[in-house]
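Participant: Pulled these features from Swiss-Prot for this protein:
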type	residues	note
BINDING	GLN11, SER138, GLY142, THR143, GLY144, ASN204, ASN226	GTP binding site
Amino acid sequence: MREIVSLQAGQCGNQIGTKFWEVVSEEHGIDGTGQYTGTSDLQLERINVYYNETGTGKYVPRAVLVDLKPGTMDVIQGGPLGGLFRPDNFVFGQSGAGNNWAKGHYTEGAELVDQVLDVVRKEAEGTDCLQGFQLTHSLGGGTGSGMGTLLVSKIREEFPDRMMATFSVVPSPKVSDTVVEPYNAVLSVHQLVENSDETFCIDNEALYDICFRTLKLSAPTHGDLNGLVSIVMSGITTCLRFPGQLNSDLRKLAVNMVPFPRLHFFTVGFAPLTARGSSQYRAVTVAELTAQMFDAKNMMAASDPRHGRYLTVAAYFRGKVSMKEVEDQMVSIQQKNSQYFVEWIPNNVQSAHCEVAPRGLKMSVTFIGNNTSIQELFKRVGDHFDVMFRRRAFLHWYTGEGMDEMEFSEASANMHDLIAEYTQYQEAGVDDEEEVAYEEEPQE
């Protein structure tokens with residue numbers, strides 16, 4: 001079976017990751033101690049993608065939990081899922097990264113990384129046929145961004161032919177935690193462009209907007225935001241965890257979604273999202289789901305898909321859904337909004353189906369789009385980066401850990417290149433494709 005090893009780095013990564021395990025364990029009928037209490041054979045059919053079954057019949061997540069300070073780990077171990085994870089898989093330092101990317105990537109994190117890789121190796125050896133890794137982390141802090149990207153590059157070296165998917169929480173000015181977030185984010189994107197195969201961009205600002213506007217929560221907490229993220233993560237991984245007609249794994253997803261290796265940053269969405277009180281007043285139909293999932297207000301990254309074009313789209317429907325209806329809806333959406341899809345990739349909308357609906361819903365859909373408007377998100381972070389870097393503000397924290405200014409300039413340049421590539425393909429028509437291919441050949 002095609003197993004996935006899951007990594008969580010830093011406070012944000014661990015909180016989102018643990019919420020994800022909460023949702024997935026519930027869907028598979030596994031309680032807080034790892035015992036199976038479910039009712040359906042479907043729950044067990046592909047359970048070993050994410051869980052390891054011990055000799056005593058206990059199911060243990062293939063998860064490695066990493067942080068540079070023990071606080072978050074203590075909370076997880078004391079929480080409802082404390083007995084689920086393997087105790088050896090908690091790897092933590094004592095010092096913290098102090099929201100400093102350099103500490104996570106070069107000093108504190110580098111000291112801990114071998115210990116983490118040992119645990120990762122152990123998990124990888126316990127699999128039949130490892131398909132890849134998924135990392136949950138944020139790009140704004142120190143541990144998730146610095147040490148998270150360090151882990152990605154180390155795992156890349158050791159398992160070059162395995163897939164690497166990341167769920168990355170991008171910082172946003174409205175929900176800012178620290179002033180150096182733009183530095184940490186740009187340095188991380190620089191790494192992810194090279195080393196990740198698929199990155200699902202999640203954005204605190206967009207999550208807040210969804211909580212305010214759609215879910216009508218007056219004061220959203222981080223718990224609400226993490227809940228949204230975990231719903232999406234559960235949806236994206238549905239096809240990996242349950243049998244379905246389009247039984248995708250991470251590699252098939254990448255083949256369908258990534259037309260050029262650097263352009264692997266996806267916008268994700270979920271439908272139906274309704275406020276707690278008003279759900280009983282709405283009928284959920286396939287038409288409504290498709291409309292809501294393409295709606296800009298439903299995107300979990302603060303970039304407006306109407307400002308760009310879709311290179312590729314994948315939609316995962318769950319529950320009792322007629323596939324014919326889904327296909328018809330998808331075709332009609334593409335015909336009505338043809339200007340939002342690039343015409344030089346035919347059939348660029350894939351839909352898959354899984355019969356197991358999420359808890360409390362009859363049907364739902366998870367949306368993954370590779371849209372050129374994701375550049376807005378990078379532009380936003382890049383602009384904040386430039387404003388600070390121009391004045392060399394806060395740089396001594398990074399150079400003090402042994403970093404060089406050149407590294408900042410390189411990361412910034414790489415991000416600007418990425419933005420330029422997205423713009424280029426957004427504007428490319430069918431006829432320009434030959435010229436584009438010609439330009440890309442290396443000049444001697």
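Cβ from N, Cα, C; glycine included.
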Participant: Write out the long-range same-chain contacts of GLY142 (GTP binding site), meaning residues 6 or more apart in sequence whose Cβ is under 8 Å from its Cβ.
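Facilitator: Spatial neighbours, sequence-distant, of GLY142 (GTP binding site): GLY10, LEU68, GLY96, ALA97, GLY98, ASN99, ASN100, TRP101, LYS103, GLY104, ASN184.
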Participant: On the three-state reduction of DSSP, what should I expect for SER138 (GTP binding site)?
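Facilitator: DSSP call for SER138 (GTP binding site): strand.
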Participant: Taking only same-chain residues 6+ apart in sequence, whose CB is under 8 Å from that of ASN226 (GTP binding site), what do you get?
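Facilitator: Expected: GLN15, ILE16, LYS19.
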Participant: Cβ-Cβ under 8 Å from THR143 (GTP binding site), same chain, 6 or more residues apart: which ones?
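Facilitator: Those within reach of THR143 (GTP binding site), by Cβ under 8 Å and sequence separation of 6 or more, are ALA9, GLY10, GLN11, GLY13, VAL66, ASP67, LEU68, LYS69, GLY96, ALA97, GLY104, GLY109, HIS137.
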Participant: Return the count of C-beta atoms lying within 10 angstroms of the C-beta of GLN11 (GTP binding site), excluding that atom itself.
Facilitator: 25
Participant: Counting Cβ atoms within 10 Å across all protein chains shown, which of the binding-site residues SER138, ASN204 comes out on top?
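Facilitator: Output for this query is SER138.
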Participant: Sort out the sequence-distant neighbours of GLY144 (GTP binding site) for me: same chain, 6+ apart, CB within less than 8 Å of its CB, listed by position.
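Facilitator: In sequence order, the residues whose Cβ lies under 8 Å from that of GLY144 (GTP binding site) (at least 6 apart) are ALA9, GLY10, GLN11, CYS12, GLY13, GLY104, HIS137, SER138, VAL169.
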